[in-house]
Structure formats: C-alpha cells, structure tokens
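**Student:** Per TrEMBL, the features are:
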- 20-39: transmembrane segment (TRANSMEM)
- 51-75: transmembrane segment (TRANSMEM)
- 52-231: domain 'ABC-2 type transporter transmembrane' (DOMAIN)
- 96-120: transmembrane segment (TRANSMEM)
- 126-151: transmembrane segment (TRANSMEM)
- 158-177: transmembrane segment (TRANSMEM)
- 211-232: transmembrane segment (TRANSMEM)
Amino acid sequence: MDISMRKIGVLFKKDFTDFFKNMAVFVSCIIPVIFAVVYKYMLADMGVGALYLMNMILGLNLAMISVMLTATTIAEEKEKFTLRTLMLSNVSGVEVFTSKMLVTSLIMLISNTLIFLISGVEIGLLPLYIVITVIGGIPLILLGASVGILARDQMNAGVYEVPVMLLFVLPTVFSGINSTVDKIAAFTPCQPTLDLVFRLQTGKLASGESLMNAAVILAWIVIAAIILILLYRKRGTDN
C-alpha cells in the first residue's frame with residue numbers, strides 16, 4: 001500500500017502540473033467561476049439573490065469539471081500513449097485513474113469554493129458546503145472516467161462528454177417547469193447535491209428529504225463505480 005500511495009502521489013503531481021499546460025481544459029474549468037462573477041453583478045440589479053446564483057452556477061460547475069476534466073485527461077493520456085508507458089513502468093490502471101480523479105476533485109473543490117465566496121453566501125456554511133459538493137461530485141467524476149475509457153482521443157472524448165453533461169444538467173435546469181421534470185431531476189446525480197446545498201443555506205439540512213438526496217447520491221456512486229469497473233475490465237487503458 002505504501003508503494004501504491006507513493007506512485008499515486010507522483011502521478012498526482014504530474015497530473016496537476018499537466019492540468020495547467022492543457023489550456024483548453026484549464027479555460028473550460030474557469031468558465032463557471034467567470035460566470036459567477038459576471039452573473040453576480042448582472043443579476044444583482046435584477047434582484048436575484050445569492051442563493052439562486054450559487055445553485056445555478058454550481059450545477060454547471062459540477063457537470064463541466066467532474067465529467068469533462070476526468071474524461072479529457074484520461075483520453076489525452078491514451079492519445080499520447082502515456083498510459084501504455086506507465087503500465088510498462090509497473091504502474092497500475094487503478095493508480096492512474098485514482099490520480100486523475102483526485103486532481104479533478106481538487107480542481108472542483110477550488111472552483112466550488114470560489115463560487116461560494118463570489119456568491120456572497122454566509123461563510124459559516126462553507127465547511128458543510130465543501131463536504132456536500134465533494135461527495136456529490138464523486139459519481140460524476142466516476143462517470144467522467146468511464147467516458148475517458150471509451151474515448152480514443154481528446155476530440156472523441158469531447159463528443160461523448162457533451163451528451164453526458166446535458167443528460168445530467170438539463171433536468172436540473174428545467175426542474176421548475178412541471179412536476180414530471182422535478183421527479184426526473186431528483187434522481188440525477190446533480191440535483192440531489194444542489195438540493196442539499198439549498199437546504200444547507202435555508203437551515204433545513206436535517207430533514208427526511210435530505211436523507212433521500214443522500215441516498216440518491218450514494219446509489220449513483222455505486223452505479224458509476226460499477227460502470228467504471230466493467231468498462232475498465234472490458235476496454236482497459238488502451239484504445
């Protein structure tokens with residue numbers, strides 16, 4: 001385990017450095033933060049509060065970073081045949097994927113925290129907010145890794161990422177239209193996390209609805225993990 005953790009640590013440093021070298025990925029990850037700044041001043045004049053602003057941007061951030069960053073970075077390694085080289089260097093696929101997902105979690109944590117601070121929500125809620133958003137992002141990160149396994153290269157990953165992100169974001173965006181859309185959104189990976197954040201901000205986190213949201217997130221973590229394991233066993237790390 002010590003050797004495994006050492007390898008993951010080395011891979012983490014490499015992947016974190018590579019994140020800043022891939023400008024397409026880097027710019028995509030800061031877009032939600034830029035939107036948060038722009039919308040804060042645009043919507044403030046329209047009477048839109050911090051609560052609505054943060055939840056709107058947070059949904060976009062969860063889908064974009066967790067799915068796109070994981071999928072694109074894995075696909076990039078496959079495109080450059082770096083994964084094959086790592087396998088020959090006695091590094092396991094589990095260690096590679098763990099490193100990728102840890103980097104994505106860190107970037108998402110930083111981005112989510114910036115959105116929280118920009119939105120102007122009560123600072124005392126930050127610790128619980130971080131816990132909720134990090135756990136809520138796990139199933140999306142796992143699904144992003146699955147997309148990375150399926151993709152041949154970065155361009156191919158982009159084709160797969162868009163429908164996956166839309167599949168989880170659109171029900172959340174249109175959840176207020178009618179009860180049917182609300183019910184569908186409630187069982188997607190994004191909406192339960194946003195609901196928990198909303199209840200945290202309104203002081204209603206300790207409720208039966210929150211337990212249901214937590215159960216949905218846990219179920220998605222299990223489902224996404226199973227999908228990733230099955231795809232990894234079938235496709236491995238090579239195209």
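Any Cβ shown, glycine's included, is placed from N, Cα and C.
What does the local environment look like for each feature on the list?
**Tutor:** Residues of the same chain lying 6 or more positions beyond the ends of the transmembrane segment (126-151) and with a Cβ under 8 Å from any Cβ of it are 58, 62-63, 65-75, 78, 97, 100-101, 104-105, 108-109, 112-113, 116, 157, 159-161, 164, 168, 189-190, 192-193, 196-197, 200, 205, 217, 220-221, 223-225, 227-228, 231-232, 235, 237.
Cβ atoms under 8 Å from those of the transmembrane segment (158-177) belong to residues 59-60, 63-64, 67-68, 71-72, 140, 143-144, 147, 150-151, 184-185, 188-191, 194 of the same chain, restricted to positions at least 6 beyond its ends.
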